[in-house]
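Have a look at the structure below before the remarks.
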Amino acid sequence: MLGATGDVGRQVCTQLVERRVLPATSRLQLVGRADGRSSRATYGLAADLVDAYDEHAPLLDVALDPADVVADVVVVAAGRTAGTEPGVPVDRRALAADNARVFATYAEALARHGSGREVVVVVSNPVELGVAVFAEALGRHRVIGMGAWLDTLRFRREVAASIGVRRHRVGGFAVGQHGDDLVPLWSTVRIAGLDVAERRAEVARVRGARTLATYDEEIAAAKRALATAAVDDLAGAFRLVDSWPPDVRVAARPWMTQQSGAKTAAGTASATIDLIDTVLDGRDTVVAGQVALDREVELAGKPVEGVLGVPVVLGPEGWTQVLLPALADDEERRLAAVADRVSRSIEPWLTATAGDGTALVPVEGGGA
Ligand SMILES: NC(=O)c1ccc[n+]([C@@H]2O[C@H](COP(=O)([O-])OP(=O)(O)OC[C@H]3O[C@@H](n4cnc5c(N)ncnc54)[C@H](O)[C@@H]3O)[C@@H](O)[C@H]2O)c1
């Protein structure tokens, strides 16, 4: 667990032990930075977890050197986070600048000292950049970004809430880029217990006559409304979120949660555990995740070469197959545009890591 003492890392470790995903005979390695405050806190976290869960805790150990990371599944939650200051917009470029270096350090260490079989789950943002850096170092099938799975679970939950059922009865995926560039695939929504006609009627009712052509403007308008509402009535701001359609809520609610000063650590960790559990389980399962594509997907007549969130089959050796069904026109158009945006935002950093691998400064004119 890289970044074990962070808000997300701590939640992942706690849930892993509490939900007994790891048997007592296995090992959970908490990884911190030798030169940061986290080195001391990592030892403390290990002691605290044993204190709480001694009866069934796995063997806990601490590593402070990237060269010492050894695991079947490596979770990357180390690095800077952004967007937690109310009213301060997320500076994705600054986040990329800091975290590109973190990704490169661990990717290089794993490539050199790892088993050659570990599966990497990237949680840190920008998740697409993390996936690109680790995939380049370790092979693309062993690396998956968690963002699209979290967006998928949020989409299912919001659809479920509007229809009046629990999340486990709703299927379907949210793909694309983690964050505002997600692509909710309404065409993939399925609801257990409803036949095709009933489902179509329910989707039409909760979605309205909107398409994804106006999704960007809807999200931008939602954030503006929330920024105003939240100034003196936070409860009112969350009620405002509830008044919007499910796909707008998917983007607006986590944004409001960050703006509130709370983070989204519990939900993030829970979605991460799903992916870890899937890899350790030994069976292939369909999830959504950010993966480095090599022309498996064609969007608007153009094959995608680069990182994108898509439905994939995930198993013990990483992801194998992409399972993106035929999309509605508005979905395909948006996903193609997002694929281009992701590729443009990542490209400068990959260029910068080429060569001796230490430069990590975007080339002139590039933007993250
Ligand atoms: N993908 C998602 O859905 C999602 C959701 C929430 C958060 N996140 C991301 O997860 C990451 C962690 O978030 P958080 O809220 O736990 O942050 P945090 O600030 O609470 O913790 C960050 C952790 O990273 C470590 N760290 C910081 N800089 C480091 C460096 N240079 N080298 C090694 N370790 C370093 C810190 O010691 C700490 O353990 C962020 O990048 C955040 O954006 C992703």
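Backbone N, Cα and C atoms are what each Cβ position is placed from, and that goes for glycine too.
Summarising the annotation, TrEMBL assigns active site, proton acceptor to His178. Sequence-distant neighbours of His178 (active site, proton acceptor) (same chain, 6+ apart, CB under 8 A from its CB) are Asn125, Pro126, Val127, Glu128, Gly145, Gly147, Ala148, Leu150, Asp151, Gln290, Gly309.
Counting every protein chain shown, the Cβ of Thr5 (NAD(+) binding site) has 24 other Cβ atoms within 10 Å. In the three-state DSSP scheme, Thr5 (NAD(+) binding site) falls into the coil class. Residues or ranges marked as NAD(+) binding site in TrEMBL: Gly3, Ala4, Thr5, Gly6, Asp7, Val8, Gly9, Asn99, Val123, Ser124, Asn125.
Here TrEMBL flags 2-137 as domain 'Lactate/malate dehydrogenase N-terminal'.
Marked as domain 'Lactate/malate dehydrogenase C-terminal' by TrEMBL: 262-348.
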Test of understanding: give the count of other CB atoms lying within 10 angstroms of the CB of Gly9 (NAD(+) binding site).
28
